[in-house]
């Protein structure tokens, strides 16, 4: 099952109050139908009015309605333009770097996803790697009790694939550290702040808008606005070391970096036995969803082999296209209204020798 975070509506209006004007279109349409029926009634009962030919002539009968219908459609388009419509545009991404964060915690040995959680994550990461354009650099961060760069971003696909293949389960899970290392891989200038977060677990003071930024810090930007790179986290969501994942997500969001999260496993989990102890390990979706939501990205669940292609296609589509802010398309509706009105006039002139 692919679980996505709700996004902006694909279509909306800046001035929705103007939409009541559509009642005018309905009234005009009803009035036209009433007048047409009255004309037909008069043609049948009063043939001396010489309207019988117009009312009963098949060839021109349907043509009489084309221009009025086009005029009504033109009016509807112009009313929509008055309401200032806007739409979310999907544009090709200019992404240059993708950093894959791989969870190597002991719980990734669990086999509720075949061949194992880590094995499924490696397969998904490899498929995603192969789908990236040649100009995109891909890096790998290995995350267990600590985190480190397993492969610096490179366009050499074989090197990245080898780094992914060599990953082995270890102990501990430090989601926050993994995200911070990935973030500094994308934006090296954030290294001092990331190190502070990894070494100091006290919450940073919240800055008020309008105040001058402290030295070395920049004004937060809109989450998801950084289009040159993205982070993809493969994990079962359970973290027991390092700073909280949401602390790292907050830093990523402040710099516009999207963190797509892929939950590997099942919510009910399985009992895992390691070194003489047993425990049920479950997929913790809550933190993964929160990280994705906070950074303007999306969450996906990978719980069986059949989901692999669907997760890959959906995730690759998000990396290939960048959903931007809503764009006003008033001009398109205004142009459509003008075009329909012009067609109505030209057809009426062609068929009947008059504009209307």
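Including glycine, each Cβ sits where the backbone N, Cα and C put it.
From the options 66-83, 84-101, the stretch TrEMBL describes as transmembrane segment is 66-83.
Checking the ranges 111-138, 139-166, 167-194, 195-222 against TrEMBL, the region 'Disordered' annotation falls on 195-222.
Same-chain neighbours of the transmembrane segment (331-352): 60, 63, 66-68, 70-71, 73-78, 80-81, 85, counting only residues six or more beyond its ends whose CB sits under 8 Å from a CB of the stretch. If you take every residue in the domain 'VWFA' (97-315) and average the pLDDT, you get 83. Below 8 angstroms of C-beta separation, residues 13-19, 21-22, 24-25, 28-29, 32, 330-331, 333-334, 336-341, 343-345, 347-348, 356 of the same chain, each at least six residues beyond the ends of the transmembrane segment (66-83), sit close to that stretch.
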